[in-house]
Structures are given as C-alpha cells and as structure tokens.
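As given in TrEMBL:
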type	residues	note
ACT_SITE	D21	active site, nucleophile
BINDING	D21, D23, D191	Mg(2+) binding site
Amino acid sequence: MTDGSNAAGALVAGVDAAMIDLDGTLVDTLGDFTEALGRMLADLGLPAIGAAQVETMVGKGSEHLLRSVLNHVLGQDQQAPAATKVEALYPQAWARYQHHYQAINGHHAQVYPGAREGLQALRAAGLQLACLTNKPQAFAEQLLRAKGLDGFFQHVFGGDAFARKKPDPLPLLKTCEALGTAPARTLMVGDSRNDAQAARAAGCPVVLVGYGYNHGEPVRQVDADGFVDALTELLPCAC
Ligand SMILES: O=C(O)COP(=O)(O)O
Ligand SMILES: [Mg+2]
C-alpha cells in the first residue's frame with residue numbers, strides 16, 4: 001500500500017470506465033524495445049544502445065523513439081550535423097525496426113506483478129476497460145494477445161489510431177467517446193507525465209504507477225490524482 005492507494009480506491013469508486021496504458025503500466029517491454037533497437041542499429045552499422053538509455057526515450061511512440069535513438073548514437077559522431085543524418089537514415093531505420101519488433105514482440109517482456117489481477121478486479125467491479133497506448137496499434141494488439149490480456153478490453157487504441165498521440169488529450173477524448181463515458185468519469189491509468197498531461201487536458205482523473213518509464217524522471221513528482229505500486233491497489237473502496 002502507498003499513500004496514494006486510498007485516493008486511487010476512491011477515484012475508482014467514482015468512475016464508470018478506465019483507460020489503461022500498456023508499456024510501463026501493464027507490461028515491462030523495455031527488453032523488447034532494446035532487442036529490436038539493437039538489431040536495427042546492427043543492420044545500419046551503428047553503435048548499440050543500452051536499456052537504461054532506451055528507458056528514458058520510451059513512451060512517446062515509435063517515431064519519437066527512433067529519432068531519439070538515432071540522435072543519441074549519431075551524436076557521438078561529430079562528422080556531420082546529427083539532425084540531417086537522422087532524417088537521412090530514418091526511413092531505413094523505421095523499416096528495420098518494424099521488421100524486428102514484429103518478430104520479437106513479447107519475447108523479452110513481462111506482465112507486471114498484479115497487472116492481470118488488477119484488470120480482473122476492475123472488470124469485476126463493473127468498469128469498462130480500454131487499452132490506450134502510444135505503441136502502434138498492430139504491435140499493441142499482438143502483445144496483448146501474446147500475454148493473454150486482450151480479453152479484458154472493450155477497445156484497444158494504439159498511437160496510430162488517432163491524429164495525435166498522448167500527451168495530446170485527443171486519444172483520451174476519442175476513447176471516452178468509444179466507451180460512451182464522460183471524461184470526468186473515465187480514469188486514466190498510466191506510468192508517465194505523458195499520460196498525466198493528457199488526462200489533465202481531457203478532464204479525466206489520473207492515477208500513475210510507480211514502476212514504469214517516466215522519461216528518466218521520478219514519477220511521483222508528476223501532477224496526478226494518485227499513485228499505486230501495483231494495479232491491485234486500484235480497487236474501488238467505500239471511502
Ligand atoms: O511509446 C510507446 O510505444 C509506449 O507507449 P505507452 O507507454 O503509451 O504504452
Ligand atoms: Mg507507458
């Protein structure tokens with residue numbers, strides 16, 4: 001239990017549905033990202049990147065991740081302006097990354113302790129659930145199926161499902177529309193300021209987990225309505 005858990009329970013008691021982030025919230029996918037990026041960088045003849053570095057770059061979708069990784073590895077090369085090189089390499093990097101990620105999706109990833117049980121409890125409490133991630137739709141669906149988590153969700157929306165990604169409020173508002181719930185009664189559950197900013201702008205309550213990826217910054221400094229250490233703390237309470 002954490003200080004935020006009572007607040008989280010109270011929030012759950014006051015909502016009709018929840019939107020659950022995927023990477024860093026339901027599944028620890030850092031191993032998948034690092035593996036697919038490593039294979040991509042090897043194909044391009046570029047230096048490798050470590051998991052600790054990758055962790056700070058995850059959460060804003062694949063395009064942002066690839067540009068951050070290329071910038072990082074090319075930043076060590078002073079021969080040409082990094083930005084020009086990044087854009088020149090980007091199309092090939094994108095194709096190799098897609099190829100490799102699809103092949104290894106879920107192989108180096110683990111469902112977080114309590115995540116499955118938390119989803120079960122939320123469904124048992126009568127909440128509708130949507131998975132709302134910046135991960136591309138096809139990869140998100142493939143991963144949820146591989147981990148046996150797909151059956152919990154009425155909807156799955158990836159980073160390419162709408163015109164803009166989190167932290168823009170649009171994906172949350174569109175998800176509320178699909179669920180048929182008011183934003184103020186639809187809880188966002190995520191792991192980063194990306195999720196929290198989007199929720200604030202959409203008018204949704206937001207709870208963050210303490211264990212995910214928050215762009216290399218302490219997550220408890222983010223403006224959110226509550227924090228939990230496991231999704232099992234998201235139980236509706238009568239408080
Ligand atoms: O950037 C990503 O692919 C991860 O996205 P998520 O944290 O919104 O699931
Ligand atoms: Mg996340």
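For all residues, glycine too, the Cβ spot is worked out from N, Cα and C.
Whatever TrEMBL says is automated annotation, not expert-curated.
When Cβ atoms from all protein chains are considered, those within 10 Å of D191 (Mg(2+) binding site) total 25, not counting its own.
Annotated Mg(2+) site D21, D23, D191; additional same-chain residues within 8 Å of its Cβ mean position, judged by their own Cβ, are L22, G24, T25, L26, G59, T133, G190, S192, D195, V209, G212, Y213.
According to DSSP, D23 (Mg(2+) binding site) sits within a strand segment.
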